Amino acid sequence: MACISVQCLLLLPTLAILLSLFTSVESSIHIYNRDPFREVGNAYLVSGGSEGVASSRFIPPPRRPFRSTAHDGLSYIRFENITFWRSKAAADQHPTMAYNSGLVQIIIFEAANRDNIGGSPYGGQRSICCTADLAKLEGCKQGEVIRAPSVTDANWPMVLNVNFKGRQLSVQLKKKEVYIKKTGMYNLFFISCDPKLKGMKVSGRTVWKNPDGYLPGRMSPLMKFYAIMTVAYILLTAIWCLQYVRHWQDVLPLQYCITGVIALGLLEMIFWYFDYAYFNNTGARPVGLTSWVVTIGATRRTVSRLLILSISMGYGVVRPTLGGLTTKVLLLGITYFVASILLNITEYVGTINDIAGRARILLVLPDALLDAFLILWIFTSLSKTLEQLQAKRSSVKLDIYRQFSNALAITVIASVAWIGYEVYFKATDPFNERWQGGWIITAFWDILAFGLLCVICYLWAPSQTSQRYAYSDARGEDEDEETESLCKETPQGDIGLIKMDRKEGSDSSDVEDDTQEGKRE
């Protein structure tokens, strides 16, 4: 059942992935395509990006050409073809030969120094632009952004001025690189304090680079993490395949599905590593590759949950099929897959900035509700399965299911605790100043899923007794107990001899004696 659902889910996004496989989008390279300035307080601004950037290992000498590469140890924000456009009506308000007919300022500041931008006259609302009152109090220049120098570096926050001349409709900033000397969360804004420039737009792009490549600071550790997880999945795959090959004649349908989950997990880790490695080396994130990896991830999560639900219902161990529940399980799986892939595409494909609060809630909420419903269904089914096994006194299967239920309970408790920590982490860090440790929020869920998969692989590993433990209603409980004792205390070669003796023995009294002897053992 679960194996069939894997094939069904993989067919859904295939066309979309094939269409976008060879296209790419710039991500650490922030692109502005005639983005309009919006009014905020007494200023007009456009957000140019926000990223964690580590300090440069060295700063190139001034006035000396330096050819930058992805791994040259430099950290910088580079401005390329930044052009500001104003309306003809705004340009016509100035003389043709005016030297300065409009000022646009580019502000770069560290999140820790955010209070160095703006001011508040007489304790009122904070203003970005300098007014007549603030010019007297703060000593700023009227019509410009209020900037107080940082205690550690008087040149920061960094301000770059761009002036319109005469009746120009557009003005371009020369190519420039701003080198980062201090590790921090940096913010970039294009700001104008001139009301005549209302409705202005900006185009061009900025390139944000860390010492080891173009990956944003909070993503950089994830590349190494996915390399480690790839090795872990390879080891799990090797161990599972060894058992699979040794006992291939006794493999159950349930174990086919576990094999599929392991394969999906391995593919997901490999593709995530390549996605981050390509991004780090080029600064561009291919839409096709990222779409493919988030699709594999959504499929893996969906199939994993359906597998856990199926095991909890006794599929492959207590019952051969799910019967009338198959349709409901598949419908839930498809719904969860759609909710999961929508969240992942919005969060990862072609973007590096965090999703806005409302947009994230709209996408996370369906996923969270489906997870809660699945957990409730899983534990309800697991409770019924445990009651059945206890009533039939199937001690071997009961022990396995108790271990599984304990592992599942620990996983749920750890998940709830981590969700609480994640909420606390984000609530107490609204400006992402703790970005260097943010990668663990994502990594934890992959580690937890891998740990639970290892437990399932341990409990239901292929063995020579797999078929004998298949379905409790297909064999008597006495035979299960006898099989358990033979497996524990009898060598492999003797098992076959005892089975042959039982089959070939014609005297019923001999069979009863053998059975009683097996029980005593």
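In case you wondered, yes, glycine gets a Cβ from its N, Cα and C as well.
Annotations in TrEMBL come from automatic prediction, not curation.
Going by TrEMBL, these are the annotated features:
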- 1-27: signal peptide (SIGNAL)
- 221-467: domain 'GOST seven transmembrane' (DOMAIN)
- 225-242: transmembrane segment (TRANSMEM)
- 254-274: transmembrane segment (TRANSMEM)
- 330-349: transmembrane segment (TRANSMEM)
- 361-379: transmembrane segment (TRANSMEM)
- 400-419: transmembrane segment (TRANSMEM)
- 439-461: transmembrane segment (TRANSMEM)
- 472-521: region 'Disordered' (REGION)
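Take the transmembrane segment (400-419) and the stretches 225-242, 254-274, 361-379, 439-461: counting Cβ pairs under 8 Å, 439-461 has the most. Away from its own ends, the transmembrane segment (225-242) comes close to residues 258-259, 262-263, 265-266, 269-270, 272-273, 276, 439, 443, 446-447, 450, 453-454, 457, 461 of its chain (Cβ-Cβ under 8 Å, at least six residues beyond either end).
Using a Cβ-Cβ cut-off under 8 Å and counting only residues 6 or more beyond its ends in the same chain, the transmembrane segment (254-274) has close neighbours at 2-3, 6, 222-223, 226-227, 229-230, 233-234, 236-237, 240, 244, 289, 292-293, 296-297, 299-300, 303-304, 307, 310-311, 315-317, 446, 449-450, 453, 456-457, 460, 462, 466.
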